[in-house]
Amino acid sequence: MALGVLIAVCLLFKAMKAALSEEAEVIPPSTAQQSNWTFNNTEADYIEEPVALKFSHPCLEDHNSYCINGACAFHHELKQAICRCFTGYTGQRCEHLTLTSYAVDSYEKYIAIGIGVGLLISAFLAVFYCYIRKRCINLKSPYIICSGGSPL
């Protein structure tokens, strides 16, 4: 048993070492599938930029005042200036201020919670009272204790 575990650990270690090494062998697809595959031999020289950087660049000087509350960027595919709004602003030109609103908790909510908890406790106490009362009635002995008086 211990020998099997030792062999399994050694095989796992060798597999991990081969997978992590840069000299791992790449096996090409079978000859039947090779005609449909194309290989890129310059994978190490190719660096792909993020997609977001390909589409927009900073605006020209004539568009600098286009965005009211944000940074201007020029989208090459749309061929127009777009705005990246600062926090709290929205709109095509960042012209709308998003107001943060705060709701004040009303006392009605707390009153409703208090009434609900009170009803729940009352129901629990009523069930407990009924259970204790039924138990006390069942504890009474069904036999009558006679004290040596008259015979039956």
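Quick reminder: no glycine exception, Cβ is built from N, Cα and C everywhere.
Straight from Swiss-Prot, the features:
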SIGNAL    1-18  signal peptide
TOPO_DOM  19-109  topological domain 'Extracellular'
CARBOHYD  N36  N-linked glycosylation site
CARBOHYD  N40  N-linked glycosylation site
DISULFID  C59-C72  disulfide bond
DISULFID  C67-C83  disulfide bond
DISULFID  C85-C94  disulfide bond
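For C67 (disulfide bond) paired with C94 (disulfide bond), the C-alpha to C-alpha distance reads 6 Å. Remark: C85 (disulfide bond) has C67, N69, G70, G91, C94 as non-local neighbours, by Cβ distance under 8 Å and separation of at least 6 in sequence.
In this structure the alpha carbons, written CA, of C59 (disulfide bond) and C83 (disulfide bond) are 10 Å apart. Neighbour count (other Cβ atoms within 10 Å of the Cβ, all protein chains): 23 for C67 (disulfide bond). It is 5 Å from the Cα atom of C83 (disulfide bond) to that of C72 (disulfide bond).
C83 (disulfide bond) falls within a strand when secondary structure is assigned with DSSP. Scoring each of the disulfide-bonded residues (C59, C83) by how many neighbouring Cβ atoms lie within 10 Å, the top position goes to C83.
Cβ-based neighbour count (10 Å, all protein chains) for C72 (disulfide bond) stands at 19.
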